[in-house]
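J.: In case it helps, TrEMBL gives these features for our protein:
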type	residues	note
ACT_SITE	Asp42	active site, proton acceptor
ACT_SITE	Asp182	active site, proton donor
BINDING	Ser15, Gly149, Phe150, Gly151, Gly152, Asp182, Gly183, Gly184, Gly204, Ser205	substrate binding site
BINDING	Asp42, Asp182	divalent metal cation binding site
Amino acid sequence: MSTAPSPRPISIVPSVLPADFSRLGEECRALEDAGVDRIQWDVMDGCFVPNLTFGPDVIASCRSHVSVPFEAQLMVADPDLLLEGYVDAGCDVVIAHAESTIHLHRTLTKITDLGARAGVALNPATPVSAVEHVLDLVDMVLVMTVNPGFGGQAYIPTMEPKVAEVRALLDQRGLDVDVEVDGGVGPDTVAGAAAAGANLIVAGSALYRDPEGLAHAVADIRSRAEAARDGATT
Ligand SMILES: O=C(CO)[C@@H](O)[C@H](O)COP(=O)(O)O
């Protein structure tokens, strides 16, 4: 008799987009002190998305300030040109967008060959079928809950069935792979995403706008996600 997989631990993964860019090292330390599980760097090249953010050197300059893992979400037009730089900068996880390369299988394989863990991201309009043949290559699948490019956007709740579809496909194949959501996630939206099967929770604006501070925001979002996960699996 097959048994349901045990619930996956909830991880809180802050985006540093809302942080003070003049003090990124200190901001990373504050996030680590607040109890986050890893830090997400939203890498944007002004081509794949209409915004420009962090090069590898910026991330490398923050690496020694904290011990939590770094993940780089490559919102870039040609990720293959940049993979080595972000791995060398100290990113433990490198996420490539399914839409950003015609040879996604090769790109994800290269990330692991370089010594990092691979992730694949899906924009809101991209179906799960776009990644069904690479799920064995990744440590995580990121289901974007906004159109990428900017923080502070409204959560897209119609992505929740897609989260559930990814989770079900991974469980059906017995793959030990996390599901991440990113965009507009906060106290009022995290429950739907976690109940649908997301266990990596990216939050940026919601963490920084909590009047009780980062530690409270991290704990609050984590507890809401765990309650929703457990309510969905009982
Ligand atoms: O990745 C993106 C946009 O590309 C954002 O979703 C940020 O990573 C987090 O945004 P908020 O939590 O502030 O909505």
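Here the Cβ of each residue, glycine as well, is placed from N, Cα and C on the backbone.
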J.: In the same chain, which residues outside the set Ser15, Gly149, Phe150, Gly151, Gly152, Asp182, Gly183, Gly184, Gly204, Ser205 have their CB within 8 A of the centroid of the CB atoms that define the substrate site?
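T.: Checked against the 8 Å cutoff, the neighbours are Leu17, Pro18, Asp42, Val146, Gln153.
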J.: Other than its own, how many Cβ atoms are within 10 Å of the Cβ belonging to Gly204 (substrate binding site)?
T.: 24
J.: Starting from each candidate's C-beta and looking 10 angstroms out, tell me which of the active-site residues Asp42, Asp182 has the most other C-beta atoms.
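T.: That would be Asp182, with the most Cβ atoms nearby.
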J.: Between the Cα atoms of Gly204 (substrate binding site) and the residue listed as 'active site, proton donor', what distance do you get, rounded to the nearest Å?
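T.: Here the two Cα atoms lie 9 Å apart.
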J.: Which residue, of the binding-site residues Gly152, Gly183, has its CB surrounded by the fewest other CB atoms within 10 A?
T.: Gly152
J.: Near Asp42 (active site, proton acceptor) in space, meaning Cα within 10 angstroms, which of the binding-site residues do we find among Ser15, Phe150, Gly152, Gly183?
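T.: Near Asp42 (active site, proton acceptor) by Cα: Ser15, Phe150.
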J.: Between Asp182 (active site, proton donor) and Ser15 (substrate binding site), find the distance joining the two CA atoms and give it rounded to the nearest Å.
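T.: Per the Cα atoms, Asp182 (active site, proton donor) and Ser15 (substrate binding site) stand 9 Å apart.
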J.: Determine the Cβ neighbour count for Ser15 (substrate binding site): the number of other Cβ atoms within 10 Å of its Cβ.
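T.: There are 24 of them.
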J.: How far apart, in angstrom, are the most distant Cα atoms among the substrate-binding residues Ser15, Gly149, Phe150, Gly151, Gly152, Asp182, Gly183, Gly184, Gly204, Ser205?
T.: 14
